[in-house]
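Data first, discussion second: the structure below is written as structure tokens.
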Amino acid sequence: MDLFEYQAKELFAKHNVPSTPGRVTDTAEGAKAIATEIGRPVMVKAQVKIGGRGKAGGVKYAATPQDAYEHAKNILGLDIKGHIVKKLLVAEASDIAEEYYLSFLLDRANRTYLAMCSVEGGMEIEEVAATKPERLAKVPVNAVKGVDLDFARSIAEQGHLPAEVLDTAAVTIAKLWELFVAEDATLVEVNPLVRTPDHKILALDAKITLDGNADFRQPGHAEFEDRAATDPLELKAKEHDLNYVKLDGQVGIIGNGAGLVMSTLDVVAYAGEKHGGVKPANFLDIGGGASAEVMAAGLDVVLGDQQVKSVFVNVFGGITSCDAVATGIVKALGMLGDEANKPLVVRLDGNNVEEGRRILTEANHPLVTLVATMDEAADKAAELASA
């Protein structure tokens, strides 16, 4: 889960990472009131989960509360790369002597953690990596040893930070690592991390991504969910612990196992080329269990998408056998009743597949078409969706 900057700075405050005071608002009047309360020049910053805010006019310096009001009026409602600005962070402006870059992230390719640090902050880090790679330090972090002050100082040193700020920067870097671990983050990024004229180190920007797989031990993270901006079908799926991502096609997809579902998306997209450009409507992995309740929840989510014209249920029976899956489908259709009103193409394979097919055949549900192979099923689902 990506956080808004103001949410990330709440975690900064929780873990004593130095930053500038500020508050969030959704009105121009609120921005003026916060600026008045701070009593100094402020930055008015669009809250969107995308980079490039400054270039798009989403970050403005306000010398007075009235300036904050005017900037807020212009920024609210702004479209930044498809993200509409609905909230603003109004934070105290800071005098800046130098700008640096610091991040911790999960390095999936090397199965470790990575610290990245550069004296070239305040610009796109991809640009630094491309034009000045020698100025960007990439330091592997041992997950067991972590980051103490000595190692944090080494990270800053490898990032070419000036000698006079190494010790101060090390303290902040160590605190950012503590946050990264304690909050189960996959990314903590500060750009810029600045040195003030009096040699303080401040995190002026904040970007944090939290690992949704750790939600079970991070109940406090639920408050960060932007439910108003989240697709209601994705919210419904999450309530049932289903892995669902809405796409823009017409064939609903239900499968067990992420790899199988990804393969199903591919074959449906390929088959859809012959049927007017039909595409998959979603990714939905029901996991290892395909009980009637789980299948009903999955069908309820997929059928709730008005774009869906047909549904492809693609299940490989393993620990959960095909007869259990078939029974789940039949019961799920009974539980949903009239809400199940779109054709289903079902392909079963694996453990006890013949019994599973027999159950579906004998049920003889008018919405269900049983198909033997994945390619044939994808073609049938695409054909039904294009009809």
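Cβ atoms are placed via backbone N, Cα and C, with glycine included.
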Q. If Swiss-Prot says Gly318, Ile319, Thr320 bind substrate, which of Asn243, Asn256, Asn364 does it name for the same site?
A. Asn256
Q. Could you tell me the C-alpha distance between Asp205 (Mg(2+) binding site) and Gly318 (substrate binding site) in angstrom, no decimals?
A. 47
Q: Provide the number of Cβ atoms within 10 Å of the Cβ of Asp205 (Mg(2+) binding site), excluding the reference atom itself.
A: 23
Q. How many other Cβ atoms sit within 10 Å of the Cβ of Gly318 (substrate binding site)?
A. 12
Q) Can you tell me how far the Cα of Asn256 (substrate binding site) sits from the Cα of Gly52 (ATP binding site), in Å? A) 38
Q) Any idea what the Cα distance is from Ile319 (substrate binding site) over to Arg53 (ATP binding site), rounded to a whole Å? A) 48
Q: Sequence order is fine: just name those binding-site residues in Asn191, Gly318, Thr320 with a Cα within 10 angstroms of Glu99 (ATP binding site).
A: Asn191
